[in-house]
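K.L.:
Pasting in a structure now, in structure tokens, and then I'll have a few things to ask.
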Amino acid sequence: MHLNVVNLGRCEYEKALQVQIELLEKRQRGEIEDTLILVEHPPVITKGRHADETNIIGSEASLINHGIQLFNTDRGGDVTYHGPGQIVGYPIVNIRKSKIGVKKFVENLEEVLIRLLDEKYHITATRSSVNPGVWVGANKIAAIGLAVKRGVSMHGFALNVSTNLAHFKFLVPCGIADRGVTSIEEILGYPVDFHVANQHVLAYFSEVFNYDIIETVE
């Protein structure tokens, strides 16, 4: 199977969202192949369709003072933080055509990150039957939140590599109050090459979803 890859580098959330929408519509029309967008965002808190406002701690003004934007989205889930040092992946994938279903698709996204963490960083991570995402003990290392429109996915996953975990004090991540957050660097205790980690994400995404033709596009 064929996978297009779009590397946006450091990109504002709103701009990346517009890219997602454009590619989503093209995939729905069958004009492009399945596509994985990889991006790193400036600090932003996004609210999902079912977000509880009380899970944002502090006013919008206080967030702005700390350089954190606030953005409403149509993905599933509650509130999530994105920021530098976090690999964000937006799979624009025709789930209907693949016939795996949304539940299995989410499990595969979790599998991508669980395998990567185990085989490249010797970190044992797990999934939860209750809360989507990837966990190391009681701490979330990767968040997952999707939207599916006319059979095609958008939004996706966020893996904490060297993320500023102090910014998570401004929210209750994914609305789960009794769990914490962590990152690859926090667990290992030494710096991790972000570019290399980004390449690992692409490699394991391709492996788990059985893409054998990988093409980088603008």
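Yeah, the Cβs are placed from backbone N, Cα and C, and that goes for glycine too.
Quick caveat, the model's predicted, so the values are computed rather than measured.
The following feature annotations were taken from Swiss-Prot:
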| type | residues | note |
| --- | --- | --- |
| DOMAIN | 30-213 | domain 'BPL/LPL catalytic' |
| BINDING | R75, G76, G77, D78, V79, T80, Y81, H82, A143, I144, G145, G156, F157, A158 | substrate binding site |
| SITE | K140 | site 'Lowers pKa of active site Cys' |
| ACT_SITE | C174 | active site, acyl-thioester intermediate |
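Walk me through where these features lie, including what they touch and how far apart they are.
P.N.:
According to DSSP, A143 (substrate binding site) sits within a strand segment.
Over all protein chains present, the Cβ of K140 (site 'Lowers pKa of active site Cys') has 26 other Cβ atoms lying within 10 Å.
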K.L.:
Give the number of CB atoms, excluding that of F157 (substrate binding site) itself, located within 10 Å of its CB.
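P.N.:
24, counting other Cβ atoms within 10 Å of F157 (substrate binding site).
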K.L.:
Taking only the Cα atoms, work out how far R75 (substrate binding site) lies from K140 (site 'Lowers pKa of active site Cys'), in Å, as a whole number.
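P.N.:
Roughly 19 Å, rounded to the nearest whole number.
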K.L.:
What span in Å does the substrate site cover, taken as the longest CA to CA distance among R75, G76, G77, D78, V79, T80, Y81, H82, A143, I144, G145, G156, F157, A158?
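P.N.:
Max Cα-Cα spread across the substrate binders: 15 Å.
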K.L.:
Over the domain 'BPL/LPL catalytic' (30-213), work out the mean pLDDT and round it to an integer.
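P.N.:
Here the mean pLDDT over the domain 'BPL/LPL catalytic' (30-213) amounts to 91.
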K.L.:
In which DSSP state, out of helix, strand and coil, do we find V79 (substrate binding site)?
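P.N.:
It is in a strand.
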